[in-house]
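Right, one structure below, let's go through it.
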Amino acid sequence: MSMPIASTTLAVNNLANINGNANFNVQANKQLHHQAVDSPARSSMTATTAANSNSNSSRDDSTIVGLHYKIGKKIGEGSFGVLFEGTNMINGVPVAIKFEPRKTEAPQLRDEYKTYKILNGTPNIPHAYYFGQEGLHNILVIDLLGPSLEDLFDWCGRKFSVKTVVQVAVQMITLIEDLHGHDLIYRDIKPDNFLIGRPGQPDANNIHLIDFGMAKQYRDPKTKQHIPYREKKSLSGTARYMSINTHLGREQSRRDDMEALGHVFFYFLRGHLPWQGLKAPNNKQKYEKIGEKKRSTNVYDLAQGLPVQFGRYLEIVRSLSFEECPDYEGYRKLLLSVLDDLGETADGQYDWMKLNDGRGWDLNINKKPNLHGYGHPNPPNEKSRKHRNKQLQMQQLQQQQLQQQQQQQQYAQKTEADMRNSQYKPKLDPTSYEAYQHQTQQKYLQEQQKRQQQQKLQEQQLQEQQLQQQQQQQQQLRATGQPPSQPQAQTQSQQFGARYQPQQQPSAALRTPEQHPNDDNSSLAASHKGFFQKLCCC
């Protein structure tokens, strides 16, 4: 159950490769250094100036947001938004631009922007440059980074060496410590949300933390009062890595972030966790199975064949109390002792630096990255769960419509005709911002048409109900011997009020026509009816 919003700072397809065959801008507003391991430069790359970058592209207001951020190609897409690479037109610095529909059921960019502002200046946290509304979308502009640890893990054969895991773990613990120092807990620890820097930069191998859509304050920033302990909470995070207490529905605190980190460490070391791949009839039962498997798996069995320090780390953080402050420095020392036992040092060398005959990772050679977690399902949260429930309800209502199939066929025929007509129009680059705008407009038009169709169906159903009621009333009137036209005459009299006066009934002499000797009651009634019709015509 991989769940919240997709990340916002991503790796891009046209990043310069690691062997220096491409040029790219290396001007940055601020270089971030806060790691236990320094990242040596391992590529000789040519820098281009901002002037050259700007001279190659003319200003087009349709592809510019936030006054001076030019939109490039689409580099990621998920259920909550779309990501584009971009450029700061003032200094040529590459940025990531995230778009989120303003009408979404669970908007997150505004809250994420506020979190970035709280963390502004924190080492290895992307800087948020702009948040605003452009047309039908909310937009967030932040630093552009390299691939995620999940990408690098895939490229390295889905297993990291012990040395790489230790160095990565030290950096990840420091990032979470800095986040906790700002009175926030992350609540969605997973490899997709930890990214390295762009190639050629001093922080190319520094790990950065992104995507704060699930972050939450665990204490008051002023009074430092901790949030209260609660139970029966909904799941928040990614089931594979979340803590046991989260599975049990308990309020999350700092201890849960630290436990989730431990699960990530074992994921990197083993390549697979014992609770992966469990089957169940539905997601709820699947998450329960995952939680049960975590509880029944001994930490030292999990660490079998691996340095015992990793099992000790997980044992310690699972024993923390709800409000207890983790010993971050102690955890770093514990894991760094693994390198001492192996006779290794934290020299900043990582497994991904050995890819491609020692040239390092290269997007032109390695497979396309999942782009900030956009290649994986979003983790569940209360907003997304409500959104999915509403969608299910709408689908059930649509299935109950009597003429749904007929209208779907009509809509399909109309769409096919529109597509035939659009074949003669100029085709847009599917990765361009213009194509994304066109797709968004078409999406809203389709939603509007669906709403109109639903309204028509409701009106038809209402008319059918009214007809059925009228038929039932007429049947009841016939059963009681009253003429069915009587209610209509009353309605007409009420409608016209005093302006309408019913014609006076004729006298008894006029009302009694001559009868034929052979006439029965039925023919008499018919004669009466014909007489009154003639009388009204006079």
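FYI, residue positions are counted from 1 along the chain as it appears here.
Just so it is clear, glycine is given a Cβ too, placed from its N, Cα and C backbone atoms.
Note that TrEMBL annotation is computational and uncurated.
Per TrEMBL, these features apply:
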| type | residues | note |
| --- | --- | --- |
| BINDING | Lys98 | ATP binding site |
| COMPBIAS | 41-57 | compositional bias 'Low complexity' |
| COMPBIAS | 391-410 | compositional bias 'Low complexity' |
| COMPBIAS | 474-498 | compositional bias 'Low complexity' |
| DOMAIN | 69-353 | domain 'Protein kinase' |
| REGION | 38-61 | region 'Disordered' |
| REGION | 367-428 | region 'Disordered' |
| REGION | 474-526 | region 'Disordered' |
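With DSSP states grouped into helix (H, G, I), strand (E, B) and coil, the compositional bias 'Low complexity' (391-410) comes out at 16 helix, 0 strand, 4 coil. Taking Cβ pairs closer than 8 Å, the compositional bias 'Low complexity' (391-410) reaches residues 453-454, 457, 460-461 in its own chain, all 6 or more past its ends.
Neighbour count (other Cβ atoms within 10 Å of the Cβ, all protein chains): 30 for Lys98 (ATP binding site). Averaged across the domain 'Protein kinase' (69-353), pLDDT in this predicted model comes to 95.
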